[in-house]
Amino acid sequence: MNKLKALPKPVKLAFWVLLAILAYALPILEPPIISTPGVDFGGVLFVVTMYCLIALGLNIVVGYAGLLDLGYVGFYAVGAYTAAILTSFHANWPLLLSLPFAVAATTIAGLILGAPTLRVRGDYLAIVTLGFGEIIRLVAVNTEWLGDRRGISNIARPPSVMTGEDGGVVVGEAEPGLKGIFEIPHLYWGDGTVLVDTEDTTQFLVFGVLDQIPYYWLGLTVVLLVLLADYLIKNSRVGRAWEATREDEDAAELMGVPTFKFKLLAFATGAFIGGLAGALFASRQSFINPDSFLLLFSILFLAAVVVGGQGNRWGVLVGAFLVAYLPQRFRDFDDFRVLVFGAALVALAILRPEGLFPPRRTVRAKQMEHELEVLETGHDDGEEAARV
Amino acid sequence: MEFDYQFLFSNLPELTITGLAFGAIYALIALGYTMVYGVLQLINFAHSEVFMYGTFATLWTVWALTGTGGGVGGIQLLLILLLGLVMAMATSALIALALERVAYRPLIKKDAPRLIALISAIGASFVLAELMGLRDKVTAWVGLDDDLDRYVSGARINQSMASVVNMPDVNIGGLSIKTVDLLVIAAAIAMMVIVDQFVRRSKLGRGIRATAQDQETAALMGVNPTRTIQYTFLIGGLMAGAAAFLYMLKIETTKFDVGFLLGVKAFTAAVLGGIGNLRGALLGGLVLGVAENWGQALFGGEWRHVVAFVLLVVILLFRPTGLLGESLGKARV
């Protein structure tokens, strides 16, 4: 990591661009060890991007502002249900029009939940948010207006860009007869040879039923945008206020940070991103029911954030990738998936208590603490602690 | 939504008794959450699994002793019940101790952030639940499935025992009340009182309270923190086992994931009463059980859990530290 930092700026930029291109090309390349046998690789990658998005959102709440949220799936559900109602169940809007409403509804839900509960301290917040997540799901289960147990189907897909019959560009719902602007062939990995498989192609920007790669591209684009926004907000006054609140609420308040306002803002921002992810997820699935929003998912999301290293955006992306991808990759051990996942969580917690990639500030603080201790006691007995 | 006032008010006493029985079970589980939280400030997420293992211990004990269950009475019944209770408490206590040893102690030693301890707890909870849910596969792997077929088959579905307690309903002042409900309430309250008095009066209890207040100072005064934490988990496990036994008497059915919802409810009860507060756990459990049952009568069964969570949110808004406040450390003799 330090080597990368030392590189000249253009090289760094080129590195990141290359990485992004690689990420976009991943489902086309279908590299042998990484790709998932038995499950559609594009679909898995789409789910990974959704987890990344959610992890980034939850990271703002848990990592930056230090608010333990066990009901994040509630926001995800509000976003998904708003999109579903507006595009299919009670209206017939196109997806792109419903997205702002879904996001707005989720943000408002975040404010409504946050305004009373953020006055409650730490762990109480955890149980209140957990309750909120369950209430959202149970209301959806029991309300006919929300499609009760049966759920909502025919949710609008994103608009496809296609070549029309007269050769012009058509934007709209994907139709079986129409093809994309161009086709991208996938790679085929044989025994030691790599071939371009012209039979297996992806239509560029046709959001159909089978091929999930365009959804992945959409998801990845949103993730990159949110990453950028996350970078800007973290390095702003708001980001510093969040971290100050997390480290010591009273001290922050004394320094003139209106902590309640900033906690509420963190909650709303997190809800915003969660709602966005929910709406995209609903659109891809085209069908949602309350079982898509079990409490278990809140826990998985939190696991993604904490395992990756809360507070570090790259860490939580890795965490999200692991939580979403590993169970799909090792489907052969289907029965034992949850068991192994649980054992991995325990092992990880014990071996790396700060998460896989703790934020630099945490590492620095630990090091300083250690140095102080050496100064005080005069001998170096906690060498392991310093290496975090 | 229709409000069935008629039904609620005409059956108020019966609904209250059943609610109290549920609440008593919540309270016993909540005790484990609240004590561990009081001492370690840690949400012991895997406590629900400790309870679940207790239900299976009861179930299998009854199976082993009566064959199909049911059809026994008198002194024999009493013995079976006692043995079931002992087995459930022992199993749950063992699981709780193992949990502390494997999932928490390494983290406490490293002084890890509290959130990572929660993740470890969640992981342990998954492992424990899945081990029970996969017991048919695990035993087949060891090669024992033929011998244990009865106990390991249908690992992922509901398993029931026949009613053990078939006593006639008790008639008090014109109300007919189920014997089981009375038994559950009485047993749970008796156990809560014992634990409460134990923590308040015994030397060990004083150690637990001291550690909850200030671990370092307590250690300087000669309280072994690791030992104290172990005892805390042990008491929580014993109570979860008792709760599991009473739950099986009342519900008679269990499953590998039965702990999850009950655990969430019990934790809600603990928070409701004021986490870290033993009497709060009892009050929170009973209030939650009764409110749930009334809510179910009023709004219909599908809104039961919603009532519980809404109650929690509302109470926390007006009393942010729960009904009785948090106080394991502050409890006075």
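Cβ coordinates come from backbone N, Cα and C, glycine included.
Straight from TrEMBL, the features:
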type	residues	note
TRANSMEM	A:41-63	transmembrane segment
TRANSMEM	A:70-89	transmembrane segment
TRANSMEM	A:95-115	transmembrane segment
TRANSMEM	A:215-233	transmembrane segment
TRANSMEM	A:264-282	transmembrane segment
TRANSMEM	A:288-307	transmembrane segment
TRANSMEM	A:336-357	transmembrane segment
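The transmembrane segment (A:41-63) and the transmembrane segment (A:288-307) are in contact, since at least 3 Cβ pairs between them lie under 8 Å (pairs 6 or more apart in sequence). When Cβ distances are compared across the two stretches, the transmembrane segment (A:95-115) makes no contact with the transmembrane segment (A:215-233), since fewer than 3 pairs at least 6 residues apart fall below 8 angstroms. Residues of the same chain lying 6 or more positions beyond the ends of the transmembrane segment (A:70-89) and with a Cβ under 8 Å from any Cβ of it are 54, 57-58, 61, 95, 97-99, 101-103, 105-106, 109-110, 113, 126-137, 140, 146-147, 152-156, 270-271, 274-279, 281-283, 288, 290, 292-295, 297-299, 301-302.
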